[in-house]
Amino acid sequence: MSENEVDLDFFRRNFQQYQQPQQQQQKHIESNTSNIIITLGVQNNSHHGDGNSNSSNEDDEIIYGISSCQAFKWNFIMEVIFWFVCIASLGSLLLLCKWINWLKLYLTCVKISTTFKQADFLLIESNCSIHGMDGSFGRYTVVPICRDLEREFNVKFIKFRTVSFVYCEERDGFIPCRFNIGNNFNQLHEKIDQFVENQNLSKFHKLLNQIFGKNIIETPVKPIFSLLVDEVFHPFYIFQIVSVVIWCMIDYWIYALAIAFISTLSCLINLHSTRQSMVKLREMTGNQVIQLNRVKLSQDQAISQPNSIHKYHIDKRERVSSSELIPGDFVEIENGMNVPCDMILMSGQVIVNESIMTGESTPVKKMHIPNKSNHFHQHGEISNIFEGHTLYAGTNVIMIKHQVIGMVINTGFQTMKGKLIIPIIYSKPSNFQLYRDSFKYMIIMFFFGCAGVAGTFINLYNIHVPIPRIFLECFVLMTIVIPPALPIAIATTLSFAIYRLRFWNIFCIAPQRISLSGIVKKLVFDKTNTLTCDHLELHHVIQSNHLDTNSGELLENPNSPVGDIMHWAMSTCHELTLLQNGQLVGDPLDIKIFEATPFKFIEDHPTSGHSQVQSENEETSFEILKIFPFKSSLQRMSVIVKHQSGKIFCFTKGSGEMIKQLCDNSQSVPFDFYQTLYSNSHKGYRVIGVAFRELFIDDLEMIQTIDRNQVECDLKFIGLICLENKLKKETPQVIKKLLKCNLDVVIASGDNPFTVTSVARQIGLMTSEKIYLGELDLSRTNENWMNSLVWRNVDSEKDIITTEQLIEESHLYANLVEFALTGPVFNYILQHASDCTISINNQLELSFIKFILMNCKIYSRFSPQDKMKLVEILQNDLKYSCLMCGDGQNDIKALKLAHVGVSLSSDQEASLAAPFTSLKPSIECVLSVLREGRCALWSSFQVFKYMSLYCLIQFYTVVILFQKNTKMSDFQYLFVDLFIALPTLLLMTRTKSTNQLKRKKPPTTLFSKQVLLSWFSQIFLSFLTILLVWIEIHSGKFNWITLLDHPSEDVTQNYLSYESTIMFFMSTLCTINCCISFSISKPYKKSLWSCNIMYICCLVAIYLYTCYVILIPAQVWKSIFLLVNMPMFYKIRILIYGMIHLIISYGIEYILVADSFLKILKKLNLVNILKVVKSFGLENNVTINGWIKYLNSREKPYRQYRKLFKRE
């Protein structure tokens, strides 16, 4: 076999056998012999998810969520024809290809319908639209097929959204290229052996470099020129450019230049904002390129570390840039290193800071991989079994122990850090209602425009204006309807919100989530380090022979045998380590328990090489031989230690329930175990169970290969450790404020259900005195699922509700009790009761899980995966807008999945764990996020209403004036657009949010009754005012007015007229009045006087100057604005009309935000109207009843439920 064949075979064995989690199907792109349209989609087996939902694996959905793939081959003749047509069309075809990214592919390539083998390009269609920072957009992506540069291997591959797919000729498809490290430690060791043997395959390394690229995580930062081209050729700006050209053609030079100035300003602001965001994101997310030692290993002798299990030593060191690393390389880890990629530790021990990944600042200890094990792990556990041995890119090495060698397993965007960044680079278009509704509003305004254009066309035609001129004027009318400064206004609103959040030490990496925080209804809080303090206090220890007394202070009887064993367990069962300065680091729980013992910790004892614990009097010592780290899914950790006498013990600690399961059923477990566990948990203590067993192992080397399931069984119970995790002082006040604002608050924690219940009661979360905890009877799981699930009162062991009772009498329990769920019960219901439906009072049908979740505020023993599922169901099934708040340690998936994720961090930088990061680890930040979200949302509504109304007022004015073939002059347009609309728009959004969160919530859509009523009322009022003034000047009661009874065909000759002057004054006053009316701050923003004086000064200056132009303009302004002279009494009359309009306009807006009016408006809906109609003798009308039922079914489930029980 040739060297090339050896390299290629090795590549296929290790990089094309891509392992997938069990919950997903194998992902690949294959051809279908008939049409090549086959695909892979991310499959989710969750009972409550679908392909289009916001998946927990968002990066997988972005990359692998493919609905079709088509192959194309480049054609030279078609390419030549394409460029000829581009030149002939003056670039119009190129512009079209820029807007439709797949069009050029169809025009220059031939579609292949047989095989991928001859293809040059792929057209990949995704399940969802993407807006990529690299310029990609929409659902379709054109991907060129690459080949190895030297053509030695004949390997073809593509790069699709950071992932390499390699062509597999046997399957005629592209397979994701990842480093296959296996499913268990046996397979991992085999991979290590293979890579050590094949370190010298130089051509193979070149191939990997081509496929994987450089080990760099860099978010794209487009050149300024490229960004400028993207902005200029956006359809909005193309429309503006065409408009300016047409305005110039009909001699509107000044107005055209003004609009060109506004559009250019908008373009430059967007360009600067986009560029700054890209640069800032790259600075925050990029991995630092460093110099490090890439090593070559030999299998002659062991690495210089006691008890090493890997028989390699460093044969050669090579100083290289971290950007050159590829999967399979071996790297020497150094102190203080910023880890450049994901690596598996082959030897040594490392203390790392993972705050950039999780937001959690507690240092984490990483151990080298254990020796070969026969235990096989299922696919779903892959990430978990290697997690404690993996260094992740972006983390910082605090300290190393011994010589540390790591093997590179992921580089670039395939690292854990890279996966967190992929959804940022390839973001899905916001589904926020405001953005969808804005387009609907544009359609409404378009119809306004069409109606005006039709009327104008008829009027101008009747007065014999040339047809070409009529078409030009009609086009100008349509351009007035499109607000030119709208992009500036929306961008400014979010920019001010981000700035204000930074004032509160809250960083935001997803600006669109700010507006989403304004409509949050459900808040999910983690408990530990979120609601409670990050430090624990050991309160007391209960030993097994003291359980009946329910007391026993720590060290009260230190000489008793049982006391000794408890001390041994507390001093050895942990994952602590010492820094070089002597500081003990690790889990705060472990530290508190260890510090309460009369033992000291010795790292790497000079004699044994193992960590040791030694009593202060040096009479007792233990060597820690092996650690089985804590796993949330197992709810426990264990250590194997060697006593100075030579005896070997296994000590295990974890949740009380889990320790009970692992103990034998002998006398070691006291009869009152559950009673004691319950009573202490009910007091709010965090209760940890402790157990042990003696191991009879002669060969200590066997310990390195032993599996935890072999030792974590038949344990003997020692006792319970009760720790107090006090509430943060601000927690009760914050929760009280949230509940007062009618927000739903729940707790999702990994802690004991009674402990979580106690915390919930302390913070005033529970509204019902009766709380029923779901319990599983495992002995009856083979029966009907309802028989296996019961609900027990947490305060009364004998008070039990069966699931059958709950279903049959749901209307009784729904309004009287609260439920509490544990992770196992939650998953059991999802698995067995997904089809169960409850009918409440024959008015509302809900699934069983929905019914429980609507009445549940306590979620205990919830793993990170359970939290993610919970958020997904709340959002997708119950239609809640959710906020998730946690410390980022165990809830990253839930934080990223939630509509609004807030991570609490004590570091001085933002993390990638969530869209929002608070540098102050307090849930007070949630109030700030909600306040700013509501403020930004309300400001967006105000801005949009004002922008659309100002355009419509101007449009209506011009339509009326066109009856006399006249309109506003260039400087009149300029004055309104540049000196009134633009500055007020920019300053309107500067108003700060209120200091207190209000109970009243802002509308969630532009089509809410409140917004629609405001918008149409202001349109009607403004149009009516302008129309009445127009009718008045044509009534003939003012003899001094000379009307345009015979207007000139040239519109410019008609500018200087009473009609245009009076309409200009009136429309300008209406525009300013609407701006003032839409500036009402109540109830989500502070008053203008307290925080936006600049805006008030701007309004005053504009109003005074407008009055000056109306009343006593200088001759120069008359000439510029083309104004005619009018009697003073009529000028005052116009101002009076303006004041009347202002009073009515402001009154309308003031009434619309009044609580009493909103209550009436809330009841004014189609369902209630139909009910009133029914009362007139139509109770049995099938049509009306059908409509009522249909409209009720369209409402969100949680709102239907609340209405039924009058909880809102």
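Every residue, even glycine, has its Cβ placed from backbone N, Cα and C.
All annotation found in TrEMBL is predicted automatically rather than curated by experts.
Taken verbatim from TrEMBL:
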DOMAIN    69-147  domain 'P5B-type ATPase N-terminal'
TRANSMEM  80-97  transmembrane segment
TRANSMEM  224-246  transmembrane segment
TRANSMEM  252-271  transmembrane segment
DOMAIN    306-421  domain 'P-type ATPase A'
TRANSMEM  441-463  transmembrane segment
TRANSMEM  475-499  transmembrane segment
TRANSMEM  974-991  transmembrane segment
TRANSMEM  1012-1031  transmembrane segment
TRANSMEM  1062-1081  transmembrane segment
TRANSMEM  1093-1114  transmembrane segment
TRANSMEM  1134-1153  transmembrane segment
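For the transmembrane segment (475-499), the list of distant contacts is 236, 239-240, 243, 246-247, 250, 252, 259, 262-263, 265-266, 269-270, 273, 442, 445-446, 448-449, 452-453, 456, 508, 511-512, 514-515, 932-933, 935-936, 939-940, 943-944, 947-948, 950-952, 954-955, 958-959, 962, 977, 981-982, 985-986, 989-990: same-chain residues at least six beyond its ends, Cβ to Cβ under 8 Å. The domain 'P5B-type ATPase N-terminal' (69-147) scores a mean pLDDT of 85 in the predicted structure.
Taken residue by residue, the domain 'P5B-type ATPase N-terminal' (69-147) breaks down under DSSP into 27 helix, 32 strand, 20 coil. Only sequence-distant pairs (6 or more apart) were considered; of these, at least three Cβ pairs between the transmembrane segment (1134-1153) and the transmembrane segment (1012-1031) are under 8 A, so the stretches are in contact. Among residues of the same chain six or more beyond the transmembrane segment (1062-1081), those with a C-beta under 8 A of the stretch's C-beta atoms are 942, 945-946, 949-950, 953-954, 956-957, 960-961, 968-969, 972, 975-976, 980-981, 984, 988, 991, 1018, 1022, 1025-1026, 1029-1030, 1033, 1087-1088, 1095, 1099, 1102-1103, 1106, 1110, 1121, 1123, 1126, 1134-1135, 1137-1138, 1141-1142, 1145-1146, 1148-1150, 1153. For the transmembrane segment (252-271), the partner stretch with the highest count of Cβ pairs under 8 angstroms, out of 441-463, 974-991, 1012-1031, is 974-991. Using a Cβ-Cβ cut-off under 8 Å and counting only residues 6 or more beyond its ends in the same chain, the transmembrane segment (1012-1031) has close neighbours at 945, 948-949, 952-953, 956-957, 960, 1006, 1059, 1062-1063, 1066-1067, 1070, 1074, 1077, 1134, 1137, 1140-1141, 1144-1145, 1148-1149, 1152, 1161.
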